[in-house]
Amino acid sequence: MSELQKQWAKARLGSQALGQPPAEMPITTTMPEFNEADEDKEMAGPSPGGFPFDDDSSSASSVSSTGTVIPSPGRALFARPQGFASRSMDPIPWTTYFERELFLKEEAGPDSGSRTSNKNKPTSITYHAYLTSPVGKGPLFVTHHGAGSSGLSFAVLSSEIRKRLPNAGILSLDARGHGSTTVTAASSVPGEGDETTGQAPPPLDLSLSTLASDLFTVIQLTRTAMHWPELPPIILVGHSLGGAVVTELAKSYRLGPSLLGYAVLDVVEGCAMDALQSMQTYLSTRPQGFASLKDGIDWHVRSRTIRNSTSARTSVPGLLAPVEELQRPELQQLPRGVAGTQGTAKPWRWKTDLAATQPFWEDWFVGLSKKFLEARGGKMLLLAGTDRLDTELTIGQMQGKYALQVFPEAGHFIHEDLPEKTAIALVDFHRRNDRSQLVLPPKVSDLLAQGKKV
């Protein structure tokens, strides 16, 4: 309010108090001098009525806007953020998503299909898997994780699939050297197949052919354990390394007509081979351990390795274990980086030492694109970006040899970052390849036998 207005208001109030007519506001042709500092003070002051001005049509009225929140003087305005205070990093148990867990033991012996080490010492392997059984004639989605992950990588996805296809089943295994699957040296004493020799286990074989054979064995052992008369219709789903494994199994046609199709998540031969060149550099920058399981989950979310906190809270517990547990002889199939870390500052370590798997990297991905296009069954490729396509797959996609879906907003772990969208794509893929929905026309011979004209 200008000085002239103040004088007029004072005179008006005084005349009213004395019962005199109100004075007219003087008219002046001289405008008061504009003072920018005074104007700013007036604009910053409270609005009439003592209430702060609030315009709901303005973005400034949003709760997230700094214009509507006036902090107290003692509040640290420029303090460093302390993370997601309201976001829980508590682990989510596997029972939230799966019906049961299976420990499937493959005995050592010449007729049992057991593996042998380079020194021809028989080994015994106990596969660990998570299962939700299919209902009726529902399909079974069999999933295989990538290197360094576990079967829990597909936990949240399995729940989303069941929401859209309630009769579907999901079988998610831990590959050898991952999760809770263990390989031991079998006893040489007859009748003691469940015991170990007490010696160090043989070197772990992570070749592509072995992993594909493991996947087939897990499917067969699950059928036996669940007393299924026959295999349900199967959709194979593999992420990264798992994509190469399911492609290898599909190309072998060992599952026969039970296999409806296979889906590969974010792995392409050319892109994978290029990425291997920088893998050791990436591993050297990754933390060697964590102070707690919650810290491990928090790191995966903050580093955007996994962009969905619910997925991280579910899958990360399958990647880490206390140092004491990793030092058990039956779990030392791979060097796990425990040496020289006797302190307890970061007792939670990676279950799988990815650097030690380097001898197998090239074997996993060489020829992947060709095998993917040649294998029988429906084919689908889910990518986080079209730049990942190599020449062979680009030509195949133009020829309509497989279905392609791209999620540019996802990271490498597509199924964990976007479980809902991935589930929608997989359920739609199953429906397109579901043979039970096919309606075939009647045979001519049957029509003639019924006396109908053809």
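Glycine is no exception: its Cβ is also placed from the backbone N, Cα and C atoms.
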Segment assigned the feature region 'Disordered' in Swiss-Prot (from 112-134, 181-203): 181-203
Separation of alpha carbons, His412 (active site) and Ser240 (active site) (Å): 8
All-chain count of other Cβ atoms within 10 Å of Ser240 (active site): 25
Lowest local Cβ density (other Cβ within 10 Å) among active-site residues: Asp266, His412: His412
Distance, His412 (active site) to Asp266 (active site) (CA atoms, angstrom): 6
